[in-house]
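Per TrEMBL, the features are:
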ACT_SITE  Tyr48  active site, proton donor
BINDING   His106  substrate binding site
DOMAIN    21-270  domain 'NADP-dependent oxidoreductase'
SITE      Lys73  site 'Lowers pKa of active site Tyr'
Amino acid sequence: MTDLTLNNGVTLPAIGLGVFQSAPEETAAAVAEALRVGYRHIDTAAAYRNEREVGEGLRRSGVNRADVFLATKVWVSDYGFDETLHAFEKSTGKLGVDTLDLLILHQPVPTRFDKTIAAYKALERLLADGRVRAIGVSNFMPHHLERLLQESDVVPAVNQVELHPYFTQRNVQEADAAHGILTQAWSPIGGITFYPGWGDERTSVLQDPTIVDIARAHSKSRAQVLLRWGIQQGRSVIPKSTNPTRIAENFDVFDFELTADELGRIDALDTGVRGGPDPDQPRDAFFDVVIDEA
Ligand code: A2P
């Protein structure tokens, strides 16, 4: 297992279990299984509507709360200073915990950046009060970061963005690095390139001949190659799976190393085309999503 150190000295295990689109009834089992096989980092979000089940999985596992890095996200309909303080109460109430290891803004709201800033100020307050150990953002492009940095005091510890070989966002990675912000990859094995219902024309990065070739050379799976690529480049990765075999597989990436040439071949697959929503074009429907009380 590899730990990464955030810009405030807090450490997090590089690999976390992602639970985006994990059905509530499968989430507790997936979390408990991940903790059983050695994961110590779970990434959820209020908007995933499975925080309760994440908390249940944590308790079911028998692993000490203090030994698990637990991260969640504030949804955009809860932005604003008081609203975001309350969002913390909703999330911790559902998770059944007193504190969080990382709390991040799920995405910028470019049309209401004042609300985004107010939400971030609430995160700063929670950090100062010791309710969260680190704060950060998600889906922030360099221009969003610049604006945030101008209007806030605490540099985010993390920026979680779509990142897989077909969409590497070098500009975001460079902006993050320039400010000491850890880049965390969502969809690190490219789930967004093959999720059912996200468009028929997609090409799964797991089917890419370069990835197939490199996986064969190391006798590892394609997913393991993609996760290893992320870790070797210093990123945190949060692969989602509810399947016990794949949960274990995605954690078994510390017994091989990709060469510089292989890392470069994977980097070269970038298409510059994102699979997920454009952070500058949030859909109106996003704002209608109401996050339940705990
Ligand atoms: P499942 O939950 O059935 O395992 P990402 O985190 O990059 O978005 O990818 C998540 C998607 O990839 C999910 O559809 C998940 O399905 C699938 N997945 C997770 N781990 C693996 C793996 N090791 N090999 C193939 N598919 C995987």
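Placement of Cβ uses the backbone N, Cα and C atoms for every residue, glycine included.
Annotated features taken from TrEMBL, shown on the structure.
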| residue | record | Cβ neighbours (10 Å) |
| --- | --- | --- |
| Tyr48 | active site, proton donor | 22 |
| Lys73 | site 'Lowers pKa of active site Tyr' | 26 |
| His106 | substrate binding site | 23 |
DSSP three-state assignment (helix, strand or coil) for Tyr48 (active site, proton donor): helix
C-alpha spacing of Tyr48 (active site, proton donor) relative to Lys73 (site 'Lowers pKa of active site Tyr'), in angstrom: 9
Cα separation, His106 (substrate binding site) to Tyr48 (active site, proton donor) (Å, whole number): 11
Lys73 (site 'Lowers pKa of active site Tyr') in three-state DSSP notation: strand
The domain 'NADP-dependent oxidoreductase' (21-270) [mean pLDDT, rounded to integer]: 97
DSSP three-state assignment for His106 (substrate binding site): coil
